[in-house]
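These notes concern the structure reproduced below.
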Amino acid sequence: MKDIQKFIAGFRNFRKEYFSREDAPFEILLKGQNPTTMVIACSDSRTDPSFIMQCEPGDIFVVRNVANIVPPYESDEGFHGVSSAIEYAVKVLKVEHLIVLGHSLCGGIDALMHDDKVRHTEFLYKWLSVMRPVREEVVDHFGEVNKRSCTACEMAGILRSVRNLMTFPWIKERVGEGKLSLHGWYFEMESGQLLSYMRETETFEPLSMCCPVLKREQEDESE
Ligand SMILES: [Zn+2]
């Protein structure tokens, strides 16, 4: 009950500090949303993309699920929640960026790596099976399941999801036309760093090092 009271108090504060602000940012949003970016993030309570990137309402269109997975394109009769959110972002909102945001200490990836623990589950085991080929590759490479292989699987899972995005014909088309960019980001909770996959070096590097503007700002701060 304490948490519920905290959420209600938080909402009251949002109304006072944001909703009723004199410049009325929400009034503009009532006309419609126009985010340029969609984020596919994990459901983990510590990795809310709006919070860690300090976004305002209207900034990002978000779908979250266990282990930030994008399943490959499938045109069957199933209920494709993630794919329909991506379709809405790309076809209707016409976002320019799709970010797959993974993170360290991911419980979803841990469950994938120790899948005996979740074999009994009704939905989770099957959901995580999208990433089973990634798990096999990582375990083959490291020879065992340990902290390092779990981290590698978190990162490799992001790249697999980015690759899966390209199996959607209308995403592939827009990327080819230069209208859409795909990004693989990794929030390293222990260091508080946000890393981005760099195609040139095939590694995840801190975003402040990759982005010239951020790099300059960081250098200014340290002077
Ligand atoms: Zn997670």
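Along the chain as shown, residues are numbered 1 onward.
Here the Cβ of each residue, glycine as well, is placed from N, Cα and C on the backbone.
Annotation comment: TrEMBL describes C42, D44, H103, C106 as Zn(2+) binding site.
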All-chain count of other Cβ atoms within 10 Å of C106 (Zn(2+) binding site): 26
Cβ neighbour count (within 10 Å, all chains shown) around D44 (Zn(2+) binding site): 19
DSSP three-state assignment for D44 (Zn(2+) binding site): coil
Env. residues of Zn(2+) site, Cβ within 8 Å of mean position of C42, D44, H103, C106 Cβ: A41, S43, R46, T47, A67, N68, G102, S104, L105, G107, G108, I109, E154, F187
Close in space, distant in sequence - C42 (Zn(2+) binding site), Cβ under 8 Å, 6 or more apart: R64, N65, V66, A67, N68, L101, G102, H103, C106, G108
For C106 (Zn(2+) binding site), the three-state class that DSSP assigns: coil
